[in-house]
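Enquirer: Below is a structure I'd like to ask you about.
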Amino acid sequence: MRFISASSLLLALAPTLNAVPVEVAGGAPGLDVTLSQVGNTRIKAVVKNTGREDVTFVHLNFFKDAAPVQKVSLFRNATEIQFQGIKQRLITEGLSDDALTTLAPGATIEDEFDIASTSDLSEGGTITVHSNGLVPITTENKVTGYIPFNSNELSIDVDAAEAATVSQAVKILDRRTRVTSCSGSRLTALQTALRNTVSLARAAATAAQSGSATRFQEYFKTTSSTTRSTVAARLNAVANEAASTSSGSTTYYCSDAYGYCSSNVLAYTLPAYNIIANCDIYYSYLPALTGTCHAQDQATTTLHEFTHAPGVYSPGTDDLGYGYNAATALSASQALLNADTYALFANAVNLNC
């Protein structure tokens, strides 16, 4: 892992593959998503509340988010197409009103976006588009649970030449760009977070490999020796990445180099480029280490972001369930690829939750 300082230059990074698509466990009422094609690579999503009560949910990392987040999964011949946007970690308390959407029963919201802006579709051909997962719901601006969402499976024929003209949402800074970043109090805070991440990840790796089966089952929904070994391997890889600030697979910005931070975003990762960036509230909102089970802190946020980066351990994780309630509602296969599951497990091992 490499810091980017005021005098450092960003190195070119090669894209890597994204994680597999998600599944929604159970059949509880939730949000129904109808996808349709409104242009060559432009997609319209209509999200409907199919429940019997009003629901207020976080629309960041979801439809209506203006940031280049993953709203749908794309497949060509059953192979997922690489996502080249960002994955954000959000605060779970004190969310601003503009991050929330309330839908009455039967009510809908609409969102339009261009899938070619966050994936390379210049090859054209038939693409399958689908979306499902869990979205956080809130009470008084605090995440208190989750609601499942699921879409239709949409097949579209993409014109390669037209897709190639779509501007990419994320423009990687070139070698000549200087970025003011890791120095002063932020450098000190991140160095502390990295040391804590090493300790948390190594302890969690040991617990995953040979610790309490009950705790492992709570978070990863299985006690399979294969899964325990995989979880331990990812956590050890995170510890190794966090242990060095001069080498490794990731580039870590102390501040918002790409302009995707907001009042609700703690940090974000660009998985295709193994880039991580902290936001202002990473430093102002989070303690270095929490003493509360299932709470957020700087160390587990950094751990969470490292798991997204496929250069650390491939495939990188997704955000399939956010917070304890959603993360522990996932299936075993989903939990294995959910970033927050690793952060929550490390927190639980550290605090003996």
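Including glycine, each Cβ sits where the backbone N, Cα and C put it.
Automatic prediction, not curation, is the source of TrEMBL annotations.
As annotated by TrEMBL, signal peptide applies to 1-19. The annotation disulfide bond is assigned in TrEMBL to C182-C254, C261-C279. Annotated Zn(2+) binding site per TrEMBL: H304, H308, D319, in sequence order. Annotation comment: TrEMBL describes E305 as active site.
Quick one: how deep are these features, and who are their neighbours?
Expert: Every protein chain shown contributes to the tally, and the Cβ of C182 (disulfide bond) ends up with 23 other Cβ atoms within 10 Å.
Annotation note: C279 (disulfide bond) sits in a coil segment as assigned by DSSP. A C-beta separation below 8 Å, combined with a sequence spacing of at least six in one chain, links C279 (disulfide bond) to S255, D256, C261, S262, V265, L266, A267, Y268.
Within 10 Å of the Cβ of D319 (Zn(2+) binding site) there are 27 other Cβ atoms, across all protein chains.
Secondary structure at E305 (active site), taken from DSSP and collapsed to helix, strand or coil, is helix. Counting every protein chain shown, the Cβ of E305 (active site) has 30 other Cβ atoms within 10 Å.
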Enquirer: Applying the rule Cβ within 8 Å of the centroid of the Cβ atoms of H304, H308, D319, what extra residues of the same chain belong around the Zn(2+) site?
Expert: K87, R89, T269, E305, T307, T317, D318, A339, D340, A343
Enquirer: Tell me the Cα distance separating C254 (disulfide bond) from E305 (active site), rounded to the nearest angstrom.
Expert: 13
